[in-house]
Structure formats: C-alpha cells, structure tokens
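Visitor: This structure is in structure tokens; I'll ask about it shortly.
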Amino acid sequence: MTLIPIVVEQTSRGERAYDIYSRLVKERIIFVTGPIEDNMASVIVAQLLFLESENPDKDICMYINSPGGVVTAGLSIYDTMQYINPDVSTLCIGQAASMGSLLLAAGTKGKRYSLPHSRIMIHQPSGGYHGQATDIEIHANEILRVKKKLNQIYEKHTGNSLKKIEGMMERDKFMDPEEARKIGLIDRVIAERTDIEIENIKVKQKVG
C-alpha cells in the first residue's frame, strides 16, 4: 500500500491537514499517474470541473506519468480538457505512453512540456474479443473506428497529416522529449521551472 504524505497548513481557524495531492489541487495542479481507468478518470474530470468553477480564467497544470490505459476513460479526460474554459498546461514526468501521450498532446498549444529524461510513446489501440464470428466482427470494426478517431485527435493537436500519423501509430513508437517536440506532441523540453516562466514572458511579449 502506497503511503500518501499529509501536509499540515496553518490557517486563521487553526491547523488543517491535507493529503499532498489535495493540497496541490488548491494550487491548480492535477496528477495523472498510473494506468488510466474509469475511477481515476472520474477523479481527474471532477478536479478539472472544480478548478474551472473556482476560476474559469486561470490555467490548470496537469502532470502526466502514465503508461496509458482504457481508451474511453482517457477520452473522458480529453473531452473535459477541451470542454472547460481554463487553459490546461501539460507536463510529462517519467512517461506518457498510449493514452497518456494523447493527453500530453491535448494540452493548450504552447503550454505542452516534458522534463528532459521522460519517455513518450504512441501506438494504435489494441483489444481482443471472444465469441461468435459476427460479434468478433462488430468489435473489430469498433476498434478500427476508435483507431481512426484517435488518429484524428493526434492530427488536430500535432499539425501532422493524417497519413503521417497513421504511419507513426502503426507500431509502438518510443520517443525522447526532443523527438516528441519535433513531431508536435509537445512544445518545449524544460529542465527547470524558470524555463516555463521565461517562456510565459516571451508569449506575453508577443501578445503585447
């Protein structure tokens, strides 16, 4: 069993204890860690919606360290990221594979980052089904439909052609952060927090 650290905070009403992840949510930081499945996705979606209700104009930062997981669970997080008003900055720590890489790429353009020793992997969806031939055909067609949809999402967020995406997704494609940047999955490789701060200043200067 993993022990989650508790943070004790002094307030005007006395001491208040938070688990470390809840305390970070107060700072608008969300963690997507471990396999992506329905229960975890529901928590992430709830956090995104809560932070939007708290302040619809302030960025949310999503840290990702995930091997991927269930496509429908991942897409529920993806759709919520696109649905809410705040920009969602994504940062890969460790790895972002499969659905994890899709969520990494789905961050707000210009605010998608990776730490230098992380690993990113993309591939086509997989699945299996046992049963009657007709049912197997139905599920095979569904996997192909999902594959097409995922390719279209990568196309939208990376700027690559659908044909190029299909080629890259044909087999497991492992990348270091710089390779991921070159194909548009992320915008920048960062080593220190100040790298993001400098980037934000540059963006503000361009807007101004």
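Glycine residues also receive a Cβ, built from the backbone N, Cα and C atoms like all the rest.
Sequence annotations record features per position, and here Swiss-Prot assigns active site, nucleophile to S98. The annotation active site is assigned in Swiss-Prot to H123.
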Visitor: When neighbour density is defined as the number of other C-beta atoms within 10 angstroms of a residue's C-beta, which of the active-site residues S98, H123 has the lowest density?
Guide: H123
Visitor: According to DSSP, which of helix, strand or coil covers H123 (active site)?
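Guide: SS state of H123 (active site) = coil.
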Visitor: Could you round the CA separation between S98 (active site, nucleophile) and H123 (active site) to a whole angstrom and send it over?
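Guide: Spelling it out, the Cα of S98 (active site, nucleophile) and the Cα of H123 (active site) are 6 Å apart.
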